[in-house]
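If you check Swiss-Prot, you get these features:
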type	residues	note
DOMAIN	4-50	domain 'Agenet-like 1'
DOMAIN	63-115	domain 'Agenet-like 2'
DOMAIN	222-251	domain 'KH 1'
DOMAIN	285-314	domain 'KH 2'
REGION	377-564	region 'Disordered'
COMPBIAS	426-435	compositional bias 'Low complexity'
REGION	468-481	region 'RNA-binding RGG-box'
COMPBIAS	471-483	compositional bias 'Gly residues'
COMPBIAS	484-505	compositional bias 'Basic and acidic residues'
COMPBIAS	535-552	compositional bias 'Basic and acidic residues'
Amino acid sequence: MEELAVEVRGSNGAFYKAFMKDVHEDSITVTFENNWQQERQIPFHDVRFPPPSGYNKDINERDEVEVYSRANEKEPCCWWLAKVRMIKGEFYVIEYAACDATYNEIVTIERLRSVNPNKPATKSSFHKVKLDVPEDLRQMCAKDSAHKDFKKAVGAFSVSYDSENYQLVILSVNEVSIKRASMLSDMHFRSLRTKLSLMLRNEEASKQLESSRQLASRFHEQFIVREDLMGLAIGTHGANIQQARKVPGVTAIDLDEDTCTFHIYGEDQEAVKKARTYLEFAENVIQVPRNLVGKVIGKNGKLIQEIVDKSGVVRVRIEAENDKNISQEEGIVPFVFVGTKDSITNATVLLDYHLNYLKEVDQLRLERLQIDEQLRHIGASSRPPPNRPDKEKGYLSEDCSGTVRGSRPYSNRGRSRRGTGYASGTNSEASNASETESDHRDELSDWSLAPAEDDRDNYHRRGDGRRRGGTRGQGMRGRGGFKGNDDQPRPDNRQRNSRETKARTSDGSLQIRLDCNNERSVHTKTLQNASVDGSRLRTGKDRVQKKEKTDGVDGPQVVVNGVP
């Protein structure tokens, strides 16, 4: 309640500032500023209103003025009547009129004012009206805020409720205010009744809301986020908090920025925990062996990027060796994952699985290397002879184990009698100690791909035993060779591919001749399957018998593989 300011004259003649509280028949009740005196009643003739705002006159010498000063230290300042004796610049020499003895003081213009033009108050200076308050509005009228609009409309300086008499007291300095109060009283009480009804409803609704909120907020989650991760937890423009509030069942989310603490309230525990997953950001360190760092990162960071994408972490950081924030062990590189609790858990599962896989693969490779090393040691100490099929054995069969009449064993033959272009039909390992198994295979394949006798006779020979185009040479012929006249014309019946056509005799023998240094050889190999017309190749035993028969015939001596 606003109070009307007045000036009250004391026993010393000075006027003190006070506030009017009530009006009586011949006095008013006032309270003093700063309560330096108790509340008491003052007669009308000792009360006056302050001068109007802006009232000020020029002060000259010998003018009566009022000085704002105090009589002693216990009393507040008040306005004393005085007279100006002298003016020196901004300073005024004044003489107090209320004192018996002459008392002068030098003051500044701020402590001076012209004499108050208001006269002492009378009974008609104040107006008071009382309005009976209905019983249902008594509680409502006890609130000063309920009469704010009514006070302004009436023009009164005070509207208060008397709880003892159940009346509404209206004080004013204008008689018009009393008339307006009587005119607006019914309307004011009616509006108060409507306001009271609405206020009661609002209070009831507020109570229900509070009870519902307390019931709905039975489940509460509280957690702290690191200060450097608060930006991630809040999100861009509070996106994460808004997303957490949209979770069904969440009633409120509060954030204490000073302590970085989140408070989540909800109707059930699941809703509160789900909202927490959106806001609880943390940092986790996973130790990775140094030898597996490259395989964990992958080419161009493909593998580590896949882990980040699938887990949902915000970022991953690989700490440097000289980073002192995280303790590092020898041979270990820390991988720091930043994100929500769930995303960090997912990243940990993915990375652990990949690390276990890499360790198992390295273990399998190590075992393979150990096995290979053992095999190399065993092979170096005792290497078994290579197993070769029968068709690669050639002349090492049991039928050829003996020596042909007039010839030497193949195992004892040297290479000194042969030219550089000589091709031997033997596949004996003892023929040349430096030959390898692959050399023998090539040699056998050469025998199988050698041209037939008829094919060979079509090529002309040179006198030194080498072939040349044009005419045939005069070298010796082996069995099954062409014995006709050299000058007799011969039809060219050989096929273009000499490898596909082999010359055979009537008994099924395969005629092959290799000439080098005027030497000839005859070799026969038994076919695996008989031909359609029943012809077959001779075995090694038949070949030996045939050679012996040839040696017994009178005529030129036959040279077999360079041996007479």
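Keep in mind that glycine also has a Cβ here, set from the backbone N, Cα and C atoms.
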Q. What are the DSSP helix, strand and coil residue counts for the domain 'KH 2' (285-314)?
A. 21 helix, 5 strand, 4 coil
Q) Per DSSP, what is the residue count of the domain 'Agenet-like 1' (4-50) in each of helix, strand and coil? A) 6 helix, 27 strand, 14 coil
Q. If you average pLDDT over the domain 'Agenet-like 1' (4-50), what do you get?
A. 90
